Each structure stands twice: as structure tokens, then as C-alpha cells.
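Q: Got these off Swiss-Prot a minute ago, pasting:
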TRANSMEM  21-41  transmembrane segment
TRANSMEM  46-66  transmembrane segment
TRANSMEM  98-118  transmembrane segment
TRANSMEM  121-141  transmembrane segment
TRANSMEM  178-198  transmembrane segment
TRANSMEM  228-248  transmembrane segment
TRANSMEM  249-269  transmembrane segment
TRANSMEM  274-294  transmembrane segment
TRANSMEM  316-336  transmembrane segment
TRANSMEM  407-427  transmembrane segment
Amino acid sequence: MLLAGAIFVLTIVLVIWQPKGLGIGWSATLGAVLALISGVVHIGDIPVVWNIVWNATATFIAVIIISLLLDESGFFEWAALHVSRWGNGRGRLLFTYIVLLGAAVAALFANDGAALILTPIVIAMLLALGFSKGTTLAFVMAAGFIADTASLPLIVSNLVNIVSADFFGLGFTEYASVMVPVDIAAIIATLVMLHLFFRKDIPPTYDLALLKAPAKAIKDLATFRTGWIVLILLLVGFFVLEPLGIPVSAIAAVGAVILFAVANRGHAINTGKVLRGAPWQIVIFSLGMYLVVYGLRNAGLTEYLSGVLNVLADKGLWAATFGTGFLTAFLSSIMNNMPTVLVGALSIDGSTATGVIKEAMIFANVIGCDLGPKITPIGSLATLLWLHVLSQKNMTITWGYYFRTGIVMTLPVLFVTLAALALRLSFTL
């Protein structure tokens with residue numbers, strides 16, 4: 001287990017620190033090659049791992065391409081300007097609406113899209129309103145926080161969700177029926193915590209006249225309009241076609257192709273730039289990283305965790321839910337949520353849990369891996385990239401500040417969200 005653990009730690013360090021600009025895909029590939037050479041994993045493990053990650057990574061890339069195309073069309077800025085007008089000049093209402101917009105974007109376009117696309121738009125809008133640096137920081141932190149805490153409701157809302165749903169064969173409707181009400185509880189808890197934490201930084205009023213008209217944000221009307229149609233078709237497709245055996249990735253890919261074709265025909269959007277901006281390295285990263293994680297499984301780590309989960313399972317639904325959720329949240333915060341979700345899934349699969357207890361553990365693993373990364377900056381790749389985007393905007397958030405904020409806000413929200421899950425599953429007993 002020591003060798004497998006050492007390879008895993010080396011891989012995680014390379015992925016997080018990215019020395020000399022080394023891409024996450026190549027870092028994970030190096031780890032996978034070391035695992036293969038050392039015998040920690042075997043050639044036969046490659047197709048097993050690929051079967052776990054292919055649908056998840058393809059779906060994620062398609063959703064991000066859709067997000068980038070809509071962003072270039074002005075879709076998200078248009079939405080942000082509209083919700084800012086709904087605030088009617090009241091600071092707390094504006095704060096609430098920006099958070100709710102972030103929740104909606106996270107649900108439909110994944111947490112990465114919400115954090116990375118909305119953040120620059122929010123910063124630009126707040127600068128136009130003449131807000132102070134402290135106020136801008138409050139809004140930006142809120143946008144970044146809700147992107148993860150509200151990425152629970154749909155399979156496509158987070159790469160973690162897709163991996164877990166694929167691993168356990170959860171259908172789109174089956175997943176949503178459990179997690180949509182849980183997500184609502186998470187959003188309410190997040191709103192309460194954000195308002196409490198940043199209460200002194202939210203201005204009482206703002207001047208609506210300083211905002212530009214939402215229509216002026218639209219750069220490509222055809223892509224903007226098609227985006228609405230694609231979104232509706234995607235949601236219908238996910239709920240109707242996925243139960244028929246059509247992969248979520250295929251449905252998302254069709255949506256991306258339609259929107260790309262419209263954008264490419266209009267020439268207002270640099271579609272080549274959009275394709276270059278898509279996270280292609282996530283394919284190599286997922287395969288490489290999960291091969292390294294599979295090495296931990298082969299070395300017996302997941303067997304040990306399965307033993308811990310067995311103890312929790314014996315104590316009933318609530319203990320299993322809270323125990324699994326807090327365990328995977330902690331692991332996500334120290335070793336990144338992408339490897340953690342597979343470690344959790346393998347451990348649950350190897351446990352003796354059955355029925356609603358196993359179901360609780362599966363969803364608690366997702367919650368822990370979605371929310372746990374907010375405790376530390378290294379918890380998710382999206383957070384690291386988000387911090388980099390902020391530094392480019394002359395808004396540096398130190399790791400110390402992030403950790404202090406993250407731990408105070410995440411733990412109560414995690415508690416409420418896991419309680420909501422246990423309550424939701426109590427109705428299926």
C-alpha cells in the first residue's frame with residue numbers, strides 16, 4: 001500500500017502545483033505510467049477504468065463547450081444584468097439574486113462553468129456599480145461558493161455526479177428525484193450562511209442607472225436564441241432519452257454540435273477559440289488519475305474504508321449518511337474531490353451495505369465530494385483555476401483567508417444538506 005500511496009501523493013502534488021505549466025492530463029498520465037511500471041495496476045485495469053470515466057468526461061466537455069459558446073454570445077452577462085435589475089437597488093436583494101443565478105448556472109452548466117464564467121461577469125458589473133473592494137470580494141466569494149454547493153441536483157451539474165451515477169448505474173430521473181429537494185436545502189443553507197458571513201460587506205443600496213441594458217450584452221443573437229432551445233431540448237432529452245439507454249454524453253454532444261454549428265455560421269463568435277478553451281485534458285486526467293486511484297484499491301485502501309462504512313451502515317440511515325458525507329468531504333478537502341469520489345464509490349461497492357443504507361452512502365459520497373472541496377483551495381481543480389482567474393483580475397484571495405471562510409461556511413451547509421438527504425430517503429424506507 002505504501003508504493004501505491006506514494007504514487008498517488010506524487011500525482012496529486014503534480015496536478016495541484018502544475019510545475020512549469022505541466023498540464024493536469026500529463027501529471028495524471030505520469031502517475032498512471034508509474035503505477036503500471038511498478039505493478040500497482042495492470043494492463044487489464046485500463047478498460048475497467050475507461051468504462052468508469054468515458055461517459056463522464058465526454059458529458060463534461062460537451063456541457064463546458066455549450067457554456068463557453070453561450071458566454072461568448074452574451075447569454076450569462078444578459079442574465080446577470082437582468083437579475084441585477086430585479087434587485088431594484090437593494091443590496092441584499094442583489095446579493096441573493098446573484099447567488100440564485102449562480103445556483104441555476106451550476107445546475108445546468110456544471111460547477112466549473114458557474115464559477116469560471118460568472119465570476120468575471122460579476123466583477124465587471126460590480127465595478128460598474130462602484131462597489132468597494134470588500135463588497136466585490138463578498139459577491140465573488142458567494143458566486144464561487146454557490147457554484148459547488150448548488151452543483152447537486154442533476155447528474156450533469158458536476159463531474160463528480162456523473163462519475164458516481166455511472167459507477168452505480170443511476171438514471172437521470174432517479175438521481176434528480178433524490179437530489180433536487182436536497183439541493184434546495186443546500187441552496188437555502190448557503191444563502192443563510194453567506195448573508196451572515198458577509199452581512200457587513202453588502203451595501204444597503206446601489207444605483208440601477210449605472211447598469212447597462214441587458215440587450216446590449218448580447219453579441220450573437222442567433223446563438224443566444226438557439227441556446228434557449230438547446231437547453232430545453234437537453235433537459236427533455238436527459239429525462240426522456242437517457243432511460244432508453246442513450247448515454248448522457250451523446251445527448252449533451254448533440255446539443256453542443258447544434259449550438260456550435262449556429263455560432264460558426266454567424267461568425268460573431270470565434271469558435272476556434274472556444275474549442276481550444278474546452279477542457280480536453282480532462283479526458284487524459286480522468287483516465288490517468290483513476291488508474292492511480294485503482295492502484296489504491298488494488299493495494300487494499302478501499303477495503304479498509306469499506307470496513308469503516310460497514311460500521312456506519314450497522315448504525316442506521318442517519319449515521320451512514322452523516323458518516324459517509326463528512327468522511328468524503330474531509331478526504332476531498334485534503335486529496336481533491338475527483339480521486340475521492342472514486343475511492344468512495346469503490347469503498348461503498350465493497351461494503352456490506354444494501355438497500356436504502358447503500359443508497360444513502362452513494363448520495364452522501366456525492367454531497368461530500370461536491371461540498372468538501374470548499375474547505376480548502378486544493379479540494380477541486382475548479383477552485384484552483386478560479387483563484388487564478390481572480391488573481392488576473394487583481395483580486396488575490398490568500399489560501400489562509402479561503403480556508404477560514406471555507407471551513408466556517410461549508411460545515412453548517414454540509415450538515416444541513418446531509419440531514420436533507422437522510423430525511424428525503426426516510427420516505428423510501
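Placed from the backbone N, Cα and C atoms, the Cβ positions cover glycine too.
The model shown is predicted, which means the values in this text are computed figures rather than measured ones.
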Q: Short question: most Cβ pairs under 8 Å with the transmembrane segment (274-294), which of 21-41, 46-66, 178-198, 316-336, 407-427?
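A: When the Cβ pairs under 8 Å are tallied, 21-41 comes out ahead.
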Q: Apart from its near flanks, which chain residues at least 6 from the ends of the transmembrane segment (121-141) lie with a Cβ under 8 angstroms of it?
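A: For the transmembrane segment (121-141), the nonlocal Cβ contacts are 76-77, 80-81, 84, 95, 98, 194, 198, 201-203, 206-207, 210-212, 390, 393, 395, 397, 405.
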Q: When you scan the chain for residues with a C-beta under 8 Å from the transmembrane segment (316-336), skipping those not six or more beyond its ends, what do you find?
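A: Residues packing against the transmembrane segment (316-336) from afar: 8, 12, 15-16, 305, 308-309, 343-344, 348, 353, 356-357, 360-361, 364-365, 367-369, 371-373, 375-376, 378-381, 410, 414-415, 417-419, 421-422, 425-426, 429.
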Q: Between 21-41, 46-66, 98-118, 178-198, 407-427, who has the most Cβ pairs under 8 Å to the transmembrane segment (249-269)?
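A: Checked against 21-41, 46-66, 98-118, 178-198, 407-427; highest Cβ contact count belongs to 46-66.
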Q: Residue list, the transmembrane segment (407-427) vs rest of chain: Cβ under 8 Å, 6 or more residues beyond ends.
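A: For the transmembrane segment (407-427), the far contacts come to 145, 149, 152, 178, 181-182, 184-186, 188-190, 193-194, 197, 317-318, 321-322, 325-326, 329, 356, 359-360, 363-364, 367-368, 371-372, 374-375.
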Q: Under an 8 Å Cβ to Cβ limit, what residues of the same chain, 6 or more beyond the ends of the transmembrane segment (178-198), are close to it?
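A: Long-range Cβ neighbours of the transmembrane segment (178-198): 92, 95-96, 99-100, 103, 107, 138, 141-142, 145-146, 149-150, 152-154, 161, 359, 363, 366-367, 371, 405, 408-409, 412-413, 416-417, 419-421, 424-425.
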Q: Are there residues at least 6 beyond the ends of the transmembrane segment (21-41) whose Cβ is under 8 Å from a Cβ of it, and what are they?
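A: Apart from its flanks, the transmembrane segment (21-41) reaches 3-4, 7-8, 10-11, 14-15, 280-289, 291-292, 294-295, 298-299, 381.
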Q: Mind checking which residues reach the transmembrane segment (46-66)? Cβ under 8 Å, same chain, six or more beyond either end.
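A: Hits for the transmembrane segment (46-66): 109-110, 112-113, 155-156, 159, 162-163, 166-167, 227, 230, 234, 247-249, 252-253, 255-256, 259-260, 274-275, 278-280, 282-283, 286-287, 290-291, 294, 342.
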